[in-house]
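Undergrad: In case it helps, Swiss-Prot gives these features for our protein:
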- 490-497, 1117-1124: ATP binding site (BINDING)
- 457-678: domain 'ABC transporter 1' (DOMAIN)
- 765-1046: domain 'ABC transmembrane type-1 2' (DOMAIN)
- 1083-1316: domain 'ABC transporter 2' (DOMAIN)
- 684-708: region 'Disordered' (REGION)
- 112-132: transmembrane segment (TRANSMEM)
- 140-160: transmembrane segment (TRANSMEM)
- 224-244: transmembrane segment (TRANSMEM)
- 245-265: transmembrane segment (TRANSMEM)
- 287-307: transmembrane segment (TRANSMEM)
- 333-353: transmembrane segment (TRANSMEM)
- 762-782: transmembrane segment (TRANSMEM)
- 802-822: transmembrane segment (TRANSMEM)
- 894-914: transmembrane segment (TRANSMEM)
- 988-1008: transmembrane segment (TRANSMEM)
- 1014-1034: transmembrane segment (TRANSMEM)
Amino acid sequence: MKNKKKIKNKISYSLLERELMGSRENEIAPEDCASFLSRITYSWTQKMLIYGYFNTLQLKDVPDLPESIKVENTTPILDEFKFKKNEKFGLVWFIYKRFVMVRHKTSIIVQIFSAIVSVLSPLCLRAFILYVQREPSEKSFLVGLFYAVLVLMGALFLSISLQHTYWYTMKCGLEVKGALTSKIYSKTLKLSNYGKRLYSSGTILNLISSDCQNFADYFWIDYLILLVAPIQIIALLALLCWTIGYSGLVGFLIMILSLPLSTFLSSKVSKYQLLSLKYSDKRCNLISEMINGIYLLKLYNWELFFINRIEKQRKQQLINLYKRMAFWALDKMVVQISSALVLVSSFTVYTLIANKSITYEVAFTSISIFSNLREPCELLPQAIQRLLSLLPSSDRICKFLYETSEIIENLSTITTTNGTNQDILITNGTFDWNDNNKNINVGVDSQENKNDDDDMIELVNNDSIETTTSYVLDDINFIAPAGKLTIICGVVGSGKSSLINGLIGEIYKVSGQVTIPNTVSFTNQQPFLVNSTLRENILFGLPMDMDRYKKVLESCSLLTDLQSMPGKDLTEIGERGINLSGGQKQRINLARALYSNSDCYILDEPLSAVDPQVATHLFNHCIQGELMNNKTRILVTHQLQFIPSADHIVVLENGILTQGTYQELKDKFDFESIMKTKKLNLELNNSNNNNNNNNNKEEEEDVENLEKEQQQQVINVNDVISNEFESKNDELNSKLLVNEERETGSVELNIYKMYIKYGSSFIFFFTMIMMYIISQLLFLLFDYWLTIWSDEKKNKNGTKGDSFYILYYLLLVGLFSVFLGIRYFMILHFTNSSSKNLHDKLLKSIGYASCQFFDINSSGRINNRFTKDIAEVDLILMVLSDALYCGSTVLVAVLMMIVINPLIVFPFLLLALFYYLVQKLYRSSSLELKRLENISRSPIFSILSESFNGLITIRSFRQQSRFIKRMQDSINVNLRLFYYNFSAHRWIGIKIEIISSAAVFLSAFFSLFNSNTGLSVLAVTTSLSLTGYLNWCIRQYIEFSMKMSSVERIENYINQPREGDTMNVDMELESNLPINWPQKGEIQFKNVEIKYRPNLKPSLKNISFDIKSNEKIGIVGKSGSGKSTTMLALFRMIECSKGSIHIDGIDISKISLSKLRNSIGICPQEPFIFSGTIRKNIDPFGIYSDSEIWLALEKVKLKETISLLPMKIDTIIHEQANLSFGQKQLLCLTRVLLKSPKLVFFDEHSSSIDYFTAHQLNISVKENITNSTTLTIAHRIDTIIDSDRILVIDSGELIEIFDKNNINNNINNQNSKFKKFVQHTSDHFKNY
């Protein structure tokens, strides 16, 4: 037998997703071909369990899911339900009718059989008790054996029927969960922009992870309890009255009186669960925002701000969670104390009022009836509680699915035509970002929101933040001629994005008509990339056409980039393209559209993030090239040098369209006001004209050189495409995301120790365990006291009356209640502290993790820790409490049985050995299945996150079905792992029930030879309790181990190295730095080499340069050359592998990251806007006054726009708010102006702004950042032409550096890289 040691096994969830889409698909599920006996004993799971004992279970070792559970077969059932608001009861009732009554009638039959057995089993016990009371002369061994077997069969049938009830209802719960999850995802793909503002990705994530799970929990057994338990209670009550007469009614009355209290407590549990979910939603939204914007948060040094925001929501969640658990504990106490009071009250009336004597058959038959009665009476309030807890979840799901449907029905309806001969038209079109012109308050309406802008989320409601009341586009007429190029231009916030969103149906059409071709490809300004290979991002679900694919790579200028990638076109792209430059993202985005071969292409700013040379190539060879030339093309751009090449031009200004050809528009006033950019470039053109060295011959040579480069690229196109023999090796070499670590074997003891320390201390924990043991010992003493009482009445030699025994019984109940309260208080405090500390540590660990951590771990994987794993930890109290409760009960019961019948210890040892072997066989596989299940959730979250961010792209390419299939496959994987894990539960459940029943039989058998009737009966009744508790014990122990595997996964992330851990901060040096460091702003790069990963080539190669105080530096180079890497190195987002960087003579590796990043200003290429007020987005720490904020907004030309908003700078905006890309960049620039740092880095800050606005901003920067050192990365020559010096970077090397006095010399230098950069920017302006 192989010993399983603690090892680490790595599973890539992306690989997991692929593997599970097709693994074992055609295999028949073992359940479907199992024999009757195998189905009864669940032996069809045994092959997997045995294999899992000797080997670590992998996904391929788990059989396929039965067809009946697969989501593609269950989701259509939900399509029959018409989702409406306030239909929370309607959805639950529909699932009853369509899932339970149609698909799972067997579960009801099995539960009814179980209820019948629960009524008959006390009669079997009564017959046995009557037999053991007989005189020895009246006893027969065979008759006694018959009664012992009778007791055995009652216990066995009851246990086995319960196991099958659990299994059938589990299947129902899984079907419901899978169907709802798939339905929610399908509706997510239909969310409009308005819908995305109503429901963030975090909210939808919570619907899937929490609310769908609540449905699964309820439809696992609870719905049957509500159906069968009332009938079962009535039958048992009748049997109780037959046994002890009306005295039983007194006990039942107390039980009934406890139900309203229990129901009240359950309602409180439901109330605080709802509040807890509310704050959980907000926490998840903030965490999603933090993860999505983590790079910019680090650049701004805002991690602490976001951590504090999240902790604020977590604190509120924990307060409500604590109250929920407190009421849950009170409910449990009421049930347990009332069960004791039920007995004492019944026997009090029976003896003192009815004047009858307590006998063994009366006492223990009544105990057995009350025990069987206790279960439905306990489960019924729990089922009601779960139903009450389910209703808020049902309401949330119904509201989402209803409102989503409403949103989609109100989306603009467009007329589609086949072919490319039809003009694209908007006729009298009026559009609004709010569906059906719904009003969304842009201010803070409630007092709650006034006090806390995190109690979100009110949104800005249009294309730009300029307009708050009117339609964004009103009564417009638009035409894009068929087969022609139409260019749309206009200043920031003019309505360009609204227009193209109106064309593709992504904005609400109030009136008018839109006509558009049948197939449309759309490229968003913010590229949508999925975590897959570069090839798959371009193909995007379409079959491979190699000839077209090669032409697309060439047309989109991707050949040079692919040559430098380790896996060529099979290089893995991280989420949101984290391992690509902005230009590379845009070109892959463009390549996807070009490959699709659509009738129409709508391109939103595809040229903004690339250098001029690449932009020219893209325009000439892609937009005007062979593959797209005869198609209808609509290009939104600020690159006005391309306007003369357009067949049709549309100018937008404040939502008003002016359109026509270039010749028709160039003399019009409105057009000229937009085209002021021409004047910005006169200086550059004059500079070129004044140098006669640029003659025609040299220009022809430049063009000839470019053509030669392009020809060389065509020749080498095959070198960047992996063939079938290279693909596996290339995919392995190009892998970005690391495999998700999966522990195997038992959860390490250190994890338990760590969890105990987070909760309190070892002394506290072991004291808590003792409270459980003592309270359960007191509970079993109730029965022992009844034995003494009955024994005295039987022998009639006692001197004490019934009042004495009743008084002491009440004393035992009082003591039991005290210890019960203490144990629940202790476990409540313990688990709450553990949950709080784990989340706090996880949050700080993720917040301060290195950038590389986010490069190699998907957002779905990280979100999984904060959603499902934290939810598991939050609810660990219930499992731990039950584990300690049943464990202590089993311990005390076994000890009592051994004391009564010492000889029973020998067969018990054999049963214990069998028990150990069975649970070991089960536990090995069960833990691995649970770990695989945990990992299998990550693809679900990742697909949801990806899809939410790329809804417009997915819809425009009509890829909804493919993404739904991906999601359904991932859901099936998750259900499949849970299904086999749960079926394994039932396998061990049957085995343990056999062990328990054997223990009952042994107790009964040995009791036949025991002269003490009272102790004999006590031993049998105690053994009967084992039939439930022994199985429950192992189940709760495994469940607790599984919960601890979530703790284990969280701990793995907590132990991740933090950013900057590898560097030695000189605290003395940092403490001596002036508060306003750096005071000069001098920068030195000394032989700097940067590698993104150790196994990759350097992205910066031995770069050295010095920058003086207050110097203005421009950095240029083609896309992917290393410009942004220079910025990342300065902020220590990536540590130098060689060399060093100094600021004001200080080695930046010797100071803390917080100090460094707080001292540098940044205006990033991709702006970051989070949910909150405009004020918070500009000044998150509340450092600046209103007047300072308004002055900064005035400098970036946003003051007038924001002053029109009802709440001004206190207007709440959202991550999905329809601020234009340019407006977001202006807000980022406002942050820099407010901060006024000595050192500022501008990374393509004007790339998505029109030239006129960019020119104004450049003037503003020059006027307001005069005493600072600035480094500016730009593709626009006018942005950096006034720099003191210009650095030219190519392929990670600094190839040129010169001051502004030598600019003309470099422009005229034939071999200068800078010349090519300028040439491609300025050539088209010569036509003006």
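From the backbone N, Cα and C atoms, a Cβ is placed for every residue, glycine too.
Can you tell me where each of these features sits in this structure?
TA: Within its own chain, the transmembrane segment (112-132) is flanked in space by residues 139, 143-144, 147-148, 150-151, 153-155, 157-158, 161-162, 165, 228, 231-232, 235-236, 239, 243, 360-361, 364-365, 368-369, 372, 375-376, 1004, 1007-1008, 1013, 1016-1017, 1020-1021, 1024, which lie at least six positions past its ends and keep a Cβ under 8 Å from the stretch.
A Cβ distance under 8 Å defines the sequence-distant neighbours of the transmembrane segment (224-244), meaning residues of its chain 6+ beyond its ends; these are 107-108, 111-112, 115, 118-119, 122-123, 126, 165, 169, 251-252, 346, 350, 362, 365-366, 369-370, 372-373, 376-377, 379-380, 382-384, 387.
Sequence-distant contacts of the transmembrane segment (245-265) (same chain, at least 6 residues past either end, Cβ-Cβ under 8 Å): 237, 327-328, 330-331, 334-335, 338-339, 341-343, 345-347, 349-350, 353-354, 366, 369-370, 373, 377, 380-381, 384.
Long-range contacts of the transmembrane segment (333-353) within the same chain, counting only residues at least 6 positions beyond its ends with a Cβ under 8 Å from a Cβ of the stretch, are 244-248, 250-252, 254-255, 258, 261-262, 265, 362-363, 366-367, 370, 374, 377-378, 381, 779, 782, 786, 802-803, 806, 809-810, 813, 816-817, 820-821, 824.
Residues 336, 340, 343, 756, 809, 812-813, 815-816, 819-820, 822-823, 826-827, 830, 884-885, 887-889, 891-893, 896, 1022 of the same chain, all 6+ positions outside the transmembrane segment (762-782), place their C-beta atoms under 8 angstroms from a C-beta of that stretch.
Within its own chain, the transmembrane segment (894-914) has Cβ neighbours under 8 Å at 780, 784, 995, 998-999, 1002-1003, 1006-1007, 1010, 1015-1016, 1018-1019, 1022-1023, 1026, counting only residues six or more beyond its boundaries.
Remote same-chain partners of the transmembrane segment (1014-1034), defined as residues 6 or more beyond its termini with a Cβ less than 8 Å from a stretch Cβ, comprise 125, 128-129, 132, 151, 155, 158-159, 360, 364, 367-368, 371, 780, 783-784, 787-788, 790-791, 794, 882-883, 886-887, 889-890, 893-894, 896-897, 900-901, 904, 915, 919, 922, 988-989, 992-993, 995-997, 999-1000, 1002-1004, 1006-1007.
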Undergrad: Would you identify the secondary structure of Lys1123 (ATP binding site) according to DSSP, in three states?
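TA: The residue in question, Lys1123 (ATP binding site), is helix (DSSP, three-state).
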Undergrad: Quick check: in three-state DSSP terms, what is Gly1117 (ATP binding site)?
TA: coil
Undergrad: Tell me, how many other CB atoms lie within 10 A of the CB of Val492 (ATP binding site), whichever protein chain they belong to?
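TA: So the Cβ neighbour count for Val492 (ATP binding site) comes to 26.
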Undergrad: Hey, does the transmembrane segment (802-822) touch the transmembrane segment (140-160), meaning at least 3 C-beta pairs closer than 8 angstroms, sequence gap 6 or more?
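TA: Result for the transmembrane segment (140-160) with the transmembrane segment (802-822) is no.
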Undergrad: Would you kindly list the residues that approach the transmembrane segment (802-822) from elsewhere in its chain, counting only those six or more residues past its ends and only Cβ-Cβ distances under 8 Å?
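TA: Cβ under 8 Å, 6 or more out: 333, 336-337, 340-341, 343-344, 347-348, 351-352, 358, 771, 774-775, 778-779, 781-782, 785-786, 788-789.
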Undergrad: Just to be sure I understand the packing, how many Cβ atoms besides its own are within 10 Å of the Cβ of Lys496 (ATP binding site)?
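TA: Cβ-Cβ neighbours of Lys496 (ATP binding site) within 10 Å number 27.
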Undergrad: Which residues in the same chain, at least 6 apart in sequence, have a Cβ under 8 Å from the Cβ of Ser1121 (ATP binding site)?
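TA: Looking at Cβ-Cβ distances below 8 Å from Ser1121 (ATP binding site), excluding near sequence neighbours, one finds Ile1289, Asp1290, Ser1291, Gly1292.
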Undergrad: In the structure shown, which of the binding-site residues Gly490, Gly1117 has the fewest other Cβ atoms within 10 Å?
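TA: Gly490, out of the binding-site residues Gly490, Gly1117, has the fewest neighbouring Cβ atoms within 10 Å.
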Undergrad: Let's check the environment of Ser494 (ATP binding site): how many other CB atoms sit within 10 Å of its CB?
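TA: Taking every protein chain into account, the count is 25.
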